[in-house]
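Taken from TrEMBL as is:
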- LEU24, GLU29: substrate binding site (BINDING)
- ARG115, ILE116, GLY117, TYR118, GLY119, LYS120, GLY121, TYR122, TYR123: ATP binding site (BINDING)
Amino acid sequence: ARHIASHLLESKCFKESKSISCFLSMPGEVNSRGIGLAILEAGKQLFVPKIIKGKDSHIEMLRVYDKEDLETLPAGVWGIREPDLTWRNGRRASGISSVDLVLLPGIAFDRSMSRIGYGKGYYDRFLTTYHNQPHRPKDIRPQLVALGFDEQVVDAGEVPTEDHDWKLDGIVTSQGFTWPSPDTANTR
């Protein structure tokens, strides 16, 4: 996890981002705690996913304001730490229109920049909602970077995809970044 964080924090996409969404890891995923702290220490806005359960379950990216806020987040769905909807008697800011880098978990990633998550489609729905915001130009969207272990990256075309799946812009492992080839660049 330290090597992955180091590669990410030295990257152009991290340095140029002002507002970053970072998942909080569950067992078996890259430990993202240090990355969340580094985002805050770099003076960037940190947004963390919260699962909103209901008929149309989805995630909201909610702002985490400081180290104390991050360290005291309660366990939510699946035991993953999540922000409450409120902070200091007010509504937490949402990242639905401001996040410029999204760090994603997953089960597997391939060299054509496909990702398979946990089967609920939360990130794909969030990205579609983000993309369809009426005030957002359609050609501007956040960069999508997966954090994974070397063993999770497979050859191009090995991860099954569907029409609603979003392609990644990059994958970070302990070996560094994997970027798309020109023929697999993110077109969605």
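These residue numbers are counts, starting from 1, taken along the chain as shown.
Cβ atoms are placed via backbone N, Cα and C, with glycine included.
Caution: TrEMBL annotation is automatic and unverified by curators.
Since the structure is predicted, the reported quantities are computational estimates derived from the model, not experimental observations.
Non-local contacts of GLY119 (ATP binding site) by the CB criterion (under 8 A, 6+ apart in sequence, same chain) are absent.
Taking the C-alpha positions, the distance from GLY121 (ATP binding site) to GLU29 (substrate binding site) comes to 17 Å. Of the chain residues outside the ATP site list ARG115, ILE116, GLY117, TYR118, GLY119, LYS120, GLY121, TYR122, TYR123, GLY106, ASP124 have their Cβ within 8 Å of the site's Cβ mean position.
Separation of the C-alpha atoms of TYR123 (ATP binding site) and LEU24 (substrate binding site): 14 Å, rounded to the nearest whole number.
Recorded residues LEU24 (substrate binding site) and ARG115 (ATP binding site) have their alpha carbons 18 Å apart, per Cα-Cα distance.
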